[in-house]
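S.K.: Please find one structure pasted underneath; my questions will follow.
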Amino acid sequence: MASDTHMDPMDLKVKELLKEAQLDYSPATTKRIDDVVSSIKEAINKIPEDLKVTADVAPGFVRDIGADKVDFKFKKPKSIEIGGSYSYRCVAKPDVNIDLFVRLPKECFLEKDYLNYRYHAKRFLYLCIMKKYLKYSSFAQKVEWCTFQNEARKPILVVYPAMELFDIPGFSIRIIPTATSLFSVSKLKLERHNLRGLYQVSERPQDGVLQATPMYNSSILEDMFVEDHAEFIGKTFSGWKELGEALVLLKVWARQRSSIYAHDCLSGYLISVIMAHLATKAGRNNINNSMSVMEIFRVTLTFIATSKSWADGLFIKPRGKKVISKEKRTYDSFADFNMAFRVSKTASLELADEATLALRCIDTCNDGGFDEIFMTKVDFPAKFDYCVRLNLRGNAEIYASGFCLDDECWRLYEQKVLSLVQRGLGDRVKFVRVMWRNCASECNIEEGLSMFDREPVLIGVSISSIKEAFKELVVGPVAENKDEALEFQKFWGDKAELRVLRDTIRECTYWQCDPMEKHLIMKRITEYVLLRHLALSKENIMHVVDQLDFSLLQANKDPTSSVKSLLDAFDVLSKRLRVLNDIPLKISSVQPLDSAFRCTSVCPPQSHPLAYESSVGMRIKKLGPAPACIQPLEVMIQLEGSGNWPMDDVAIEKTKSAFLLRIGESLQKQWGMSFTATEDDVDVFLSGYAFRLRILHERSLSLSKRQSGSDPVKRVSSTDKDLFIRGQHSSMINGLRGSYPLYGPVTRLAKRWVAAHLFSSSLAEEAIEFLRLLSDYDWTYSALIVDINGDLTKDDEKGINENFLSSRKAYGEDASNVNPAMFLATSYDKASEVWTRSSPSSSELRRLAAYARSSSNLLTKLILHDQLDSFRWECLFRTPLNNYDAVILLHRDKLPYPQRLLFPSELNQGRQVVRGNASKTFSPFISCGNTKGSLEELKDRLLVDFEPLRCFIEELEKEFPDMFKLWYDSLGGDAIGLTWGRNGLKVFNRSSYFLLLQTHDGLNPDPPVFLPCQKRGRVDIGEEEREVLDALKTVGEIGKGFVRSVHLLKAPRLE
């Protein structure tokens, strides 16, 4: 234990991860596994010899692979041995699979059974006989089919032991046939043609040379060499603890990335082969006994990222074998077999990319990138920028030429789709992945292979750049090049057109769309290409691109479309402020603070017809209904230096107010700009927007500069501290958005999700702009360090970690109520004092993480499996109101911005305590056309920063500080959730006889009933319930005219 305290944090975390991921190889565990294996062997050995096996055992399978001459007499296996990761103690949980190699007897095969799928047919028929006897064994809970490396023509058996015999979750035995020495290896050279019935007589090539069948040949060679491979790997790993642990880590890394842990990419078996190769002379001994676990891990990743083996083939030379030149190869050993024959070109590109990213994380991320590499799940939807799902169930075109040619029809279709998408998208993409998993766990393969189309085809696209992805014009060949132009026209059909570009006439396609719909260009191209070249209907193509757009639209329009006019208005304001010369101190800088300026606001304000300068003439009758409220946008200004500022904080703020009034008057005088002033704020109106001016006192900046090296925010006044931090944050996010254009829309979606699930009070808007991995991050034991610009030094990171540890030590072993629960550190806030100091609390964070996990799982399901149901996508933003103890519903027509409401809230559960009428004193719209007043009178009716929800929440928190917790949507929701606070329960009598009973269905419940626990037959309302109802009635009184109804769903728990 003492040695652990001196370990590197990365090594310590790796040590703990290995404890979780490695299988327990205790004598008790190994005995139970050996007992199960022995039972399987006994069951197989009981199969009678010379049992006649014909195609009738599995007629559909034999028919679909096109095999002939498949009859044989059953003989017992030559050997049954444990192989795979378990044999060299490198199983990685949670997938505990034990591979059992069953060597097929040579007596069941003829010399030429390598031809025409005879081997595959007999292999499967042999397994069918074994399944028949295994599934009735007492030790087997169930026996199912599975595909070996997703290859339908090579099924394997999976035996799940009975639960009373084995209690390891997910444990199974995979029975894998081997074909050691069945055929002459020279007959299976990659250039040979072994499917004599592949062509009809009329289809044979004119030169008489038949096409080679490398994939078919490799499929058989794999079974022939699998035992040799296992022996080679086992000898390499035997007694080498660090090598085995590194293999487990690589499996964990790969499994977290579902798109590379796939049939055409990596598998645990292939990783072990690569590592064994690197540990031999043929692999230049890149891995040696002096290396640590993480050094071996890194060397293997470097090989994966840089090796040419994926293109040239991965050939493993066993120890002690002579090197044979290419010209003299005899194909007598597995040194001539390409271990990576299944790895596709696009998969190898993605694999190299992922390995490169992992190496970069090791070098640049905290704790050697442990969280990023091992704990972060990067599934198919998270990996790719653009996903498409094809439903091909029952599509006969796929196997029209046969299920199994040289390669299987599903793999050929993958290649066809890949070729079409790559050609259609061209330079827009970095790489494209097409995956079609063949799942057969509950299928009866004996009846044939047609059931393998049940899973959808997944297409993943990583874009090369936003600029390329959003371009509207596809430029083709010069029209004078007839062959290329004809090919272009053939591919694009009626979308092809001639255009004059730079004095040349070229073939082109043009995908015109509105500026705010450019993210749909790739969808339109992909859909057009797939419909044109494949036998698909539009309903069978599901693009994951615009399903969540509804959450960011207002009146079917994206509000960010007006950001340009907002930025133009800010530029005008900034210039006018800088040239003001009739104020005591000149304005030296102007900086926007509001998230609308950095395109991360969910609902940026729209230009208001009553917020223009007096010089802009308007006819009132043409205005129509206008919003009664306008949202101000904060702008920070700094004045030139002066030594005449007062020293007292209150006096400083009063001086700032005087300056702001003077600035407003000057703007009005020189440019006719209207402004409003309160004791705290001055808002100026320009080009339809309201700008709230704030002054950052220069003394705070000079102080922070003198104190460089320490945290500057601790030594300035609260107001200046807030402005200083927000200015730093705004600059940082602006720079980030400039580098990553999609950051803005993604952040807006995240903010909308947080608000829609009533977490507005739990998470600051600025904190959301920094967040990642909300559902999975270990907030209790890890600080989230955000260093966008690389400003933090090693000493800074050390100081942050010390601050984090000190914040946790104060709570001892009680980690359930730490503060801050979410430690978020930046270059300007190394102690997490700004955005997450007071919220979320530990309980709020747990609730937030649970909601995030649920939404993440639903989103993944919708992308990968679900149907085209818009309501299911909306569920990502529909929060279940029955998760609260009480619910307040608001009048929707009294919300200041009703157009921002996503879904109207209704509640048919619980007991309605209050029902109120809407106020007649406020309307969210001003009817300009019917008024008899002047334009100035209309402007006076404009409400700046009017938020009735915020005022209502403040009043409730003041009236009930401990009784309940409020959950709400600050972006325009019409529901407020209440949960009873722990301190609030003290108002209830612990000796109460009464409990609130909830109805069983929750759909049309009766009013809640309060029954005595001990006195049967008596129905009464207790004092405790009266206090609850009185409190909720008070809530209704406070929100009179704004509250529509109050519902009690659950009474407080009695202590």
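Even glycines carry a Cβ here, placed using N, Cα and C.
Automated prediction, rather than curation, is the source of TrEMBL annotations.
Sharing the features that TrEMBL gives for it:
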- 98-237: domain 'Nrap protein' (DOMAIN)
- 244-377: domain 'Nrap protein' (DOMAIN)
- 382-534: domain 'Nrap protein' (DOMAIN)
- 554-736: domain 'Nrap protein' (DOMAIN)
- 769-869: domain 'Nrap protein' (DOMAIN)
- 881-984: domain 'Nrap protein' (DOMAIN)
S.K.: Counting only CB pairs under 8 A, let me know which of 98-237, 244-377, 382-534, 554-736, 881-984 has the most with the domain 'Nrap protein' (769-869).
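M.R.: Stretch with maximum Cβ contacts: 554-736.
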S.K.: Looking only at the domain 'Nrap protein' (244-377), report the model's average pLDDT.
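M.R.: A mean pLDDT of 86 is what the model gives the domain 'Nrap protein' (244-377).
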S.K.: Report the DSSP secondary-structure composition of the domain 'Nrap protein' (881-984) as helix, strand and coil residue counts.
M.R.: 29 helix, 26 strand, 49 coil
S.K.: Per DSSP, what is the helix/strand/coil residue tally across the domain 'Nrap protein' (98-237)?
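M.R.: Output for the domain 'Nrap protein' (98-237) reads 51 helix, 33 strand, 56 coil.
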S.K.: May I have the DSSP-based helix, strand and coil counts for the residues of the domain 'Nrap protein' (244-377)?
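M.R.: Counting residues per DSSP class in the domain 'Nrap protein' (244-377), I get 77 helix, 2 strand, 55 coil.
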